[in-house]
Amino acid sequence: MAFMEKPPARKVLLDDTVPLTAAVEASQSLQSHTEYIIRVQRGISAENSWQIVRRYSDFDLLNNSLQITGLSLPLPPKKLIGNMDREFIAERQKGLQNYLNVIMANHVLSNCELLKKFLDPNNYSANYTEIALQQVSMFFRSEPKWEVVEPLKDIGWRIRKKYFLMKIKNQPKERLVLSWADLGPDKYLSDKDFQCLIKLLPSCVHPYIYRVTFATASESSALLIRTFNDKGTLKDLIYKAKPKDPFLKKYCNPKKTQGLELQQIKTYGRQILEVLKFLHDKGFPYGHLHAANVMLDGNTCRLLDLENSLLGLPSFYRSYFTQFRKINTLESVDVHCFGHLLYEMTYGRPPDSVPVDSFPPASSMAVVAVLESTLSCEACKNGMPTVSRLLQMPLFSDVLLTTSEKPQFKIPTKLREALRIAKECIEKRLTEEQKQIHQHRRLTRAQSHHGSEEERKRRKILARKKSKRSAVENSEEQPVKHSNANNSAGSGASSPLTSPSSPTPPSTAGLSSALPPPPPPPPPPPPPAGPSPGTEMPAPPLPQAVNGVNRGALLSSIQNFQKGTLRKAKTCDHSAPKIG
């Protein structure tokens, strides 16, 4: 792919690692049985959901298929009599919901083909073993020296990747394993670059990479052949498992698990970090490190499945690191996955959840230090260390590796540029998915907080306080409105409230009624003996209010008095003497 050339348009492929959630919404009783309506959702978007209808017998069939795991799953028991009662159906519906919750909480079970077909039959109805056989048969037409011995059924966790035990016709005792895989959602290479890089893998030589004997690819899949190893993978060593057994049987509920000795942890860890650094320096994206992808050859670990990133397949731990926005490059993904691997080597089992709040006692504090730098809350929040930084930590810095094999992996400049662009596209999709999950988590937390009992109580208290405050404000506004009305009514002619005949005490709300009444006014002066002709009689004095209400109103009127509201008056002076 040329510089700055956009990846070719392609159809959107399903990411099998995106978690499915299922909710039993309702039930409907027919003549002889009951059907349960289940809402299934892929990922965080409610728009990406659908309904399925399942009977109890379908659940029972799924449960029988999962017995290979050895897990005791909480499927509600069968009932022959009274199984159509309303109360029984409601109780069974709750039990079936709990059954689905337990399965989907298990990382291995949630990714298995049995559950995917049960919940999403439209996308998982194909028989990938038959598809793989067809592709392999077409390949054998041009390469007749290979022969299929038997299919290795379900030895891996991927739904769209199948394995076959092979042999060469002229070397019947030598056993090989063929892996066939479909394209994944992160395939951003052009078809030409993709096929060239797949065919380049047999030329990769490194003491800690498991050799590829043969590799070829079509526009839609890839096929690789490697030597079959009877000892199996690092995960087989930890879980005491047989390599040919199904993945669910080997790793879902192992009877015996054992962590490795400290020296093994140091040696294997150093070897794996060295090969990761080699790939990072070459610009080759990996992102698929886990214990089942590390082959054991004597006392040496060798990395498997370099083709996965070229095919665009999602990582085994993708549902973990999509929760943390700082794990947003393939290098940081490799370091985080190394933390999972180191935990499994140390304790003989994967962590119950990630991030890990506290680590159990280990054979060395140096082990815990590396685990804390890759799996702790702080590490997941702030970001992963580099591979070079891990190599400098005390757990690995003093490990001496002795090997005579010189690493070789020549990638042409054009293909290296294509890998760089594809890597950026993979990281961009990862970043976008992490952003969506982060926004969804914030929205969910806000909705949960808004609907919590504590938040409802707080809103009730605030509403009560607001109601009391409004009532107080309304009660304070009433006297003001009353005084304004009185003021506007007496602002024209003379009014007893504006009479200056008696002073009024300072107004204080609530105190006017408590003050003693004023002393009675002095008696009016005696009237004149007789009015002179043409003079007007003075108006008789008005009675003065003696109750507290009128006193308060009087004070309010005086305080609110505005000179501009008075009407202009025309004065007629009759004091001048009249001359007859």
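Even glycines carry a Cβ here, placed using N, Cα and C.
Residues 44, 322-323, 325 of the same chain lie 6 or more positions beyond the ends of the compositional bias 'Basic residues' (437-448) yet place their CB under 8 Å from a CB of it. Marked as compositional bias 'Basic residues' by Swiss-Prot: 437-448 (among others).
Sorting each residue of the compositional bias 'Basic residues' (457-469) by its DSSP state yields 13 helix, 0 strand, 0 coil. What Swiss-Prot records for 457-469 (among others) is compositional bias 'Basic residues'.
Annotation comment: Swiss-Prot describes 483-514 as compositional bias 'Low complexity'.
The annotation compositional bias 'Pro residues' is assigned in Swiss-Prot to 515-531.
The domain 'PX' annotation in Swiss-Prot covers 14-126, and the record cites sequence analysis as its basis.
The domain 'Protein kinase' annotation in Swiss-Prot covers 88-481 and is backed by sequence analysis.
Marked as domain 'WH2' by Swiss-Prot on the basis of sequence analysis: 549-568.
Feature annotation from Swiss-Prot assigns region 'Disordered' to 433-551.
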What is the pLDDT of the domain 'WH2' (549-568) when averaged and given as a whole number?
64
